[in-house]
């Protein structure tokens, strides 16, 4: 089965929630993941979109969604949120995409040759910056 972070239903590969309103015990972190899962502009593995094919084995999201996800997790300020943030941005280094004006193929005539291209927003991958942990370390620990 897919890996879901303990205490959450939405953090990890896929989700374990039966409906949108359902959240795990780590509610705040789970809400960040749920919002990110519902990003309005994503590219599934091997999908061709915005003039680019996503050759990664996972979905990539528009950078606006990833930036919002990062801020959301950082505002939770607990260890679960940090673990999710570190896993996604620092360990897995999941890229996001931004749209830039460029030349994209609109008709490739079912061959490798592009027969018609035009100026359109074209996706460009952006590498993830490492996540900065936010949980306060307890004084007198470690």
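Backbone N, Cα and C define each Cβ position, glycine as well.
Positions annotated as active site by Swiss-Prot: 36. Classification of residue 36 (active site) by DSSP places it within a helix.
Residues or ranges marked as Ca(2+) binding site by Swiss-Prot on the basis of similarity to another entry: 10, 12, 14, 37. Secondary structure from DSSP puts residue 14 (Ca(2+) binding site) in coil.
Annotation source Swiss-Prot lists disulfide bond at 11-33 (among others). The Cβ of residue 33 (disulfide bond) lies under 8 Å from the Cβ of 5, 8, 10, 11, 12, 15, 69, 84, each on the same chain and at least six residues away in sequence.
Here residue 72 (disulfide bond) comes close to 31, 32, 35, 36: these same-chain residues lie at least six apart in sequence, with C-beta atoms under 8 angstroms from its C-beta. What Swiss-Prot records for 32-72 (among others) is disulfide bond.
All protein chains shown were included, and the count of other CB atoms within 10 Å of the CB of residue 65 (disulfide bond) stands at 20. A helical conformation is recorded for residue 65 (disulfide bond) in the three-state DSSP classification. The disulfide bond annotation in Swiss-Prot covers 39-65 (among others) and is backed by similarity to another entry.
Look at the binding-site residues 12, 14 and count other Cβ atoms within 10 Å of each Cβ; 14 has the fewest. Rounded to a whole value, the Cα-Cα separation of residue 14 (Ca(2+) binding site) and residue 65 (disulfide bond) is 17 Å. Cβ crowding, taken as the number of other Cβ atoms within 10 Å, peaks at 11 among the recorded positions 11, 32, 36, 39. Residue density at residue 37 (Ca(2+) binding site): 18 other Cβ atoms are found within 10 A of its Cβ, drawing on all protein chains shown. Note: the Cα of residue 37 (Ca(2+) binding site) and the Cα of residue 65 (disulfide bond) are spaced 9 Å from each other.
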